[in-house]
Amino acid sequence: MFTVNIPGLEQTNQILHILFIFLPFLWALGTLPPPDALFLWAMEQILEFGLGGSSMSTHLRLLIMFIISAGTAVTSYFIPSTVGVVLFMTALGFLLSLNLSDMGFFFKHSATGHRVGTKSKALPNGSEKQFTWKECLFYIIILVLALIETSLLHHFAGFPQISKNSPQAIVGYILMILLIILWLLREIQSVCIFGIFQNPFYPKNVQTVTLFLEKQRRLMKIGVIRRILLNLVSPFAMIAFLSLDSSLQELHSVSVSIGFTRAFRMVWQNTENALLETVIVSAVHLLISSTDVWWNRSLDTGIRLLLVGIMRDRLIQFISKLQFAVTVLFASWTEKKRRKSTTTLCILNIVFSPFVLVFIVFSTLLSSPLLPLFTLPLFLVGFPRPVQSWPGPVGTTACICADTVYYYQMVPHLTTALQSAMAAGSLGLLLPGSHYLGRFQDRLIWIMILECGYTYCCINIKGLELQETSCHTAEAQRVDEVFQSAFEQEYARVCSVNEHFGNVLTPCILLPVKLYSDARNVLSGIIDSHDNLKEFKGDLIKVLVWILLQHCSRRPSMQEVIHKTENKGKESLIILPALNASPQTQSLEDTDSLSSEILDDWSDDNVFGDEPTIKKGKEEKDQLKVVPGVNLPIPGSVESQGVGDHSVGTVPENNLYKAVILGYPVVDKGRQEDVAYIPLMEFSCSHSHLLSLPEEWTSNCLPNSKMREMSSLFPEEWYQFVLKQLECFHSEENASNVLEEIAKDRVLRDFYVHAVMTCYFSLFGVDTMVPSPGHILRVYSGVLPWSLALDWLTEKPELFQLALKAFRYTLKLMIDKASLGPIEDFKELTNCLEEYETDWYIGLVSDEKWKEAVVQEKPYLFSLGYDSNMGVYTGRVLSLQELLVQVGKLNAEAVRGQWANLSWELLYATNDDEERYSIQAHPLLLRNLTVQAADPPLGYPVYSSKPLHIHLY
């Protein structure tokens, strides 16, 4: 037990006793930070302001970088030589400012590739395109030049007291000129100068990417000049300023080790901020030359730069927080619905404005968010937290839905566009924690900067929901208004004021990005036209012929079979229904009776009711199946008569050609089912079997009388034309002769007639009338009407998908003919179908293949739908093209403050009401969009990318 009273400890004990009383209150208000958030926040602050680093994209990178940077400062303290200290600080400052993880992965992957003897195929985040040996050589040259400059200036130059004519002062003048030039070149790249004035040099009212790029060419040249000055000239000028400083003569000083380690790191890590800090220190040196002043007497240059850096950061935060507080106050006052309830709070804020400023200052000093309770003008100080604001890893959580794939496709192209824009300075000063909002049609892209360094930055891209709610729509409209006034409206005056200056969103730039544009059209007058629907049936047969022929000619085994066929002279035998053979007896039922077998739930009065059920049980599937080699004595079945002489010597059993048909009444023994007559047929051409359909598609399920009736609809000339246009035999010299022989093969032709007309019958059912729009939509969606061939088709998934694809192609063909005009000849029709095959995906938005087509970047996608509210059929077309995405910068403190309120409201106040005030739309604050962009489970972005590293050169 201590018997000596120490006044300092007694005073500390009293202060802590008072503080402990308020700890529960601070915890309830959300001001007391969790241990993990406090630890990460402290590391970020020390790394950024004490060691010259940057916030990191992951917590692991932050911890590793903090340890290495702290070790660098400690090591520099024990180096005995001044030249060695300067060289060590310069080298480590440069190396630590690079993206070391990508560089390490590159070297490791390159070494592995050379050892195995294979080339690298994939690097993370597109690094295979961004980091090469040329860039590695560039960094080595920069490092060597920096070391040479530092050693020469430090060794040969004297260290006179700073004056207006000293070498360090001259370098300071050069830095001032560089700062002014870089500031002007950066501001001229954006559509708004300071976010207040419209930039007269920025392209306005541009509708096409080509015209925009042409008008922006001058600005891009200016951006190249700025890049050279920022990445090459400015760092070497600042190294010269630091190398000439007299403070480096003082060895074994903690202040020198910390201050100059940070200074030499900041030169590369954040060149623009380092340039501003150096200019301020140089200007103060020139203005205050007296050595009696505390600034000059007690502080070395490194510590001065550190203090200026802290003041710069806190001043920017204070201005942003003050602007956010004013915006919240103004938003509450102008909201008509809640003006009565918020008037009292607004008056109290005005009366007690000094106390509000105290909260803002305290929040600024802690670098913690300013928390507006329930987004009302009632401000608290949120607990200090890292720049990322959320505890989990970046990009690991998102509310995946059908819209996610559109952002997934767009992000690589958006990243490429952001690369050039950030390098040119179009997005302003790049700082960790900055937020940007992109807009294109119904898409909203949220971009956050996680990490910055020399010629690179790391970002996270989030995609917000496309299905707009009322709140979402209201704020999205304001976003559109802000961008339209900046990018599309022409102003008479040279420097006009930004009309939406008070908004948290400031327009920045237009980015050309390759993405899908979404167009929705009403098909009234097309899909319900009697003439169009009548032509639809005839076109469907042609498309079926084309689809099946193309499928058979492009089978993977096609080329192998071609080579084997050259050595064989035999002709193939197949089992084929005899379409033209005379039936031995009449059919069981008259063909006209089929029209009465329509299911009730397939009436047009129930277009969008319950979908018709397709029975797929084993018993139902066996109804129309041809059973080879087995004679099944099933009650109620009708056995077919043997083929007779065909079985002698060639077929082991007549039972091989018997068919079992269920569901028909028993007939007399003397009656014979004409559907069971399946003779053996021979191809007249030895190459015909190369284009033959699979054997399982040859089984018969329709009466021959029905098949003969439908075969008259088969387009013979179109079949001959398509067959002669096939490219499967182009490798042979006599390809045309081979196709001519195949075209003359009547057996192959009957083969296709049978398959095509059976599919045709399955798609339209027993109804031979012109199809209704409801029928078209149902079959397009994969719901087929009942018919004798329904089970036959659904049992063959590959053929079913081909028939469905043909139906969808035919619908698209009908729409194109109604919009663009009729098809002139077979050649034009072929070109149209080939375009559908190569450039289009025609299907349903809910299909997995739709998502695959988006990821594979099919040029066009089409889907048919029905708007139940308007009672109209709609067509949706996605077109892949390079279009302009509007991007603006958000007030970072407004985002942090609203996210802090979201965390406090849900975790501390436990207010999870879906209609709570804090998530209601507000045009100034963009509350609803900001809440959406938060990480799940508090937010609900539909897409969130992994940290993306962008190289800025």
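Placement of Cβ uses the backbone N, Cα and C atoms for every residue, glycine included.
All TrEMBL annotations are machine predictions without curation.
Per TrEMBL, transmembrane segment is recorded for 15-41, 85-107, 136-157, 169-185, 224-244, 315-333, 345-366. The feature domain 'Pecanex C-terminal' is assigned by TrEMBL to 792-945.
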Spatial neighbours of the transmembrane segment (136-157) far in sequence, C-beta under 8 Å, 6+ residues away: 82-83, 86-87, 90-91, 94-95, 98, 103, 106, 167, 232, 235-236, 239-240, 243-244, 248
Folded-back contacts onto the transmembrane segment (345-366), same chain, C-beta under 8 angstroms, at least six residues removed: 314, 317-318, 321-322, 325, 329, 332-333, 376-382, 384
Residues of the parent chain within Cβ reach of the transmembrane segment (169-185), under 8 Å, 6 or more residues beyond its termini: 162-163, 222-223, 225-226, 229-230, 233-234, 237-238, 240-241, 244, 272, 275-276, 278-279, 282-283, 285-286, 425
Spatial neighbours of the transmembrane segment (15-41) far in sequence, C-beta under 8 Å, 6+ residues away: 59, 62, 367, 371, 380-386, 391, 900, 903-904, 908
